[in-house]
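Under the heading active site, acyl-thioester intermediate, TrEMBL lists A:132. Summarising the annotation, TrEMBL assigns active site, proton acceptor to A:257. The annotation NADP(+) binding site is assigned in TrEMBL to A:14, A:15, A:16, A:17, A:42, A:43, A:162, A:163, A:330. Annotation comment: TrEMBL describes A:102 as phosphate binding site. According to TrEMBL, the substrate binding site annotation covers A:159, A:250. The domain 'Semialdehyde dehydrogenase NAD-binding' annotation in TrEMBL covers A:7-122.
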Ligand SMILES: NC(=O)c1ccc[n+]([C@@H]2O[C@H](COP(=O)([O-])OP(=O)(O)OC[C@H]3O[C@@H](n4cnc5c(N)ncnc54)[C@H](OP(=O)(O)O)[C@@H]3O)[C@@H](O)[C@H]2O)c1
Ligand SMILES: NC(=O)c1ccc[n+]([C@@H]2O[C@H](COP(=O)([O-])OP(=O)(O)OC[C@H]3O[C@@H](n4cnc5c(N)ncnc54)[C@H](OP(=O)(O)O)[C@@H]3O)[C@@H](O)[C@H]2O)c1
């Protein structure tokens with residue numbers, strides 16, 4: 001190993017997550033040598049700015065991975081599924097933001113604040129980045145697990161439209177424009193559904209509404225998003241028996257997922273001690289003084305890196321449970337930031353030399 | 001007792017709940033004889049329509065209760081606190097929609113589909129109507145309790161702006177108008193807060209946001225709304241040891257509260273049997289086929305009477321728990337309708353004669 005800075009490829013540089021990734025990479029110094037930008041042939045030749053420099057986008061092909069040390073994938077599942085192994089074969093460590101490999105037992109699922117050590121354990125040369133909903137809470141839960149021993153979670157989500165990509169954002173904006181100004185909507189049955197126009201990626205109107213669905217239908221009425229929250233939380237925390245019930249609901253917010261969490265532990269908990277454990281945890285900010293309206297909301301959290309935690313209460317009827325409300329930007333920590341952090345853990349292997 | 005139809009007084013006839021009450025009373029035949037409308041001196045002399053007839057509003061005074069059999073109170077807590085006992089002294093049965101008497105051990109808290117028999121047990125001559133958030137779920141939970149024996153609830157709410165009265169509705173409408181058309185809001189920190197204008201009764205922006213707060217601050221960080229869900233559920237179901245954790249969150253919806261509920265029981269549950277028990281329960285509609293996007297949402301439920309239940313799943317890691325998503329119109333079943341139903345239970349005592 002040398003002191004040369006490692007080479008990075010960003011596959012999917014032109015997408016919603018890719019754009020935030022370029023912003024994040026531009027704030028980092030002395031981590032990466034060359035940064036190569038890759039997307040579909042449609043985007044080849046486009047120029048994007050990263051670290052203040054214009055870089056030409058290359059079409060995805062095996063050769064783009066030559067001499068690459070780390071390759072990030074911010075692309076749809078099926079593209080990752082085909083191409084992350086190609087990058088790994090050519091010697092790059094693939095860090096994948098899609099759902100393609102998350103539950104593969106030979107692929108670690110990494111959140112650096114919680115299980116950074118798992119990044120080194122990658123028999124396939126691939127590391128996965130968790131789903132954004134799981135990421136919005138898992139750093140805080142990791143800190144509480146270390147303090148009290150987590151054994152159960154009941155989660156209800158308040159998920160932003162941008163979790164459904166740029167199409168989700170555009171759909172909600174258009175719907176809000178259509179319902180604005182009408183003083184009768186929302187008071188009588190049917191009006192909102194008639195007024196919003198296109199439903200886009202959502203199965204019901206999202207403006208002036210909430211929609212108890214995200215993802216695709218899985219067994220016994222569960223949505224794929226709800227199963228991801230369960231299965232990924234278990235894998236990241238290394239808790240194969242963790243009891244998890246999640247109900248995932250889309251709300252008319254552009255970006256930043258919020259979660260109401262009822263967390264059960266092996267030991268009795270204390271709200272003040274929990275606040276201290278959370279405040280001391282890297283990547284977590286405690287905002288919890290209802291007397292001064294101090295609690296996290298998506299409108300205030302969007303654009304920031306940490307997980308924000310508020311409304312921390314010991315359950316009245318169960319001294320081993322805590323009730324919390326959390327917010328995290330689903331495009332930053334929920335996607336690009338965590339991927340960048342994983343890649344930096346790998347980069348450190350190269351530069352430790 | 002005679003066959004004469006009983007006389008009703010509606011105190012607070014000019015308010016948000018009172019207006020819905022007049023609509024509901026207009027759909028009822030052969031329940032009430034005279035209907036008297038009462039409000040503050042500010043409204044005395046106004047004419048409102050009920051059952052197709054114009055009725056003059058009277059200023060609240062002891063004499064308005066003369067010869068009244070049932071007096072409904074749709075007024076602020078402090079007005080109920082003073083005047084419901086006056087009505088009772090004058091021989092009327094007071095049915096109160098405020099929070100003034102709900103936890104009084106000498107006042108029954110009644111949901112006719114769940115505990116109608118409690119209406120007869122009223123030593124003070126007063127019957128209370130539950131809080132709207134509790135009412136949005138309790139009819140469905142009553143049916144499941146009869147089937148399986150309820151012992152625990154974890155609730156996360158998605159509460160509509162109209163729960164904060166007409167001021168809440170107006171504030172959300174104005175905020176939606178202000179954020180409409182702006183394609184940058186919600187992507188960067190702070191923008192939404194700067195754009196929405198007046199916060200009205202909410203402690204943070206509600207348009208393009210969710211706000212984890214409803215009511216006033218009580219001990220240990222709980223909101224009054226969260227404690228109402230716990231204490232009123234216990235009282236209505238007659239379950240003094242029911243474990244309840246609620247997190248109450250306001251969402252940018254005009255009317256109809258939604259709830260994500262994780263309910264734990266004494267016995268193993270089955271999702272299909274639970275669906276059948278709910279479908280058979282009066283006042284409950286099951287809407288649960290995610291394959292065809294069939295689940296309740298506030299936009300579709302507003303203006304209807306029942307509690308709508310969907311997303312019924314047996315918890316994967318606990319065969320004694322169910323996960324559900326419920327919607328109920330907070331101004332109908334959540335307020336005026338349940339009060340009207342209680343009053344009709346009492347009216348039946350008179351007409352049974
Ligand atoms: N949105 C979120 O909150 C979120 C959070 C966590 C994870 N993720 C995951 O991150 C990934 C990207 O999501 P996104 O929201 O950024 O999607 P997006 O905006 O649709 O971007 C997709 C990117 O993939 C590229 N791409 C598509 N097909 C390709 C192909 N055949 N070969 C090469 N490149 C191809 C696109 O390039 P062109 O521009 O050339 O088409 C674009 O750069 C997905 O797996 C998603 O599930 C998203
Ligand atoms: N909004 C909900 O979702 C909801 C749900 C369940 C229960 N509730 C409860 O129902 C009650 C009414 O709520 P709301 O939303 O209808 O409130 P609102 O719109 O503010 O109406 C208040 C009513 O009370 C009357 N009033 C006020 N002060 C009075 C006084 N000193 N003497 C006589 N009448 C007086 C008003 O008459 P004037 O017009 O003459 O001022 C008006 O008719 C409250 O206790 C509330 O907590 C509301």
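The backbone N, Cα and C atoms fix where each Cβ goes, and this holds for glycine too.
Just so you know, TrEMBL annotations never went through curation; they're auto-generated.
Annotated features taken from TrEMBL, shown on the structure.
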residue: A:14; record: NADP(+) binding site; contacts (Cβ under 8 Å, 6+ apart): A:39, A:43, A:46, A:48, A:57
residue: A:16; record: NADP(+) binding site; contacts (Cβ under 8 Å, 6+ apart): A:162, A:165, A:166, A:331
residue: A:42; record: NADP(+) binding site; contacts (Cβ under 8 Å, 6+ apart): none
residue: A:102; record: phosphate binding site; contacts (Cβ under 8 Å, 6+ apart): A:109, A:128, A:130, A:131, A:228, A:231, A:232, A:235
residue: A:132; record: active site, acyl-thioester intermediate; contacts (Cβ under 8 Å, 6+ apart): A:163, A:257, A:328, A:330, A:331, A:334, A:335
residue: A:159; record: substrate binding site; contacts (Cβ under 8 Å, 6+ apart): A:133, A:214, A:225, A:248, A:249, A:250, A:251, A:253, A:257, A:258, A:330
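Under DSSP, residue A:102 (phosphate binding site) is assigned to coil, being neither helix nor strand in the three-state scheme.
With a cut-off of under 6 Å between the Cβ and any atom of ligand 1, the recorded positions A:42, A:102, A:159, A:250, A:257 reduce to A:42. In the three-state DSSP classification, residue A:14 (NADP(+) binding site) falls within coil. Counting residue by residue with DSSP, the domain 'Semialdehyde dehydrogenase NAD-binding' (A:7-122) contains 40 helix, 29 strand, 47 coil. Residue A:330 (NADP(+) binding site) has a Cβ environment of 26 other Cβ atoms inside 10 Å.
Counting neighbouring Cβ atoms within 10 Å of each of the recorded positions (A:250, A:257), the lowest count belongs to A:250.
Look at residue A:250 (substrate binding site): DSSP puts it in a strand. Over the domain 'Semialdehyde dehydrogenase NAD-binding' (A:7-122), the average per-residue pLDDT in this prediction is 97.
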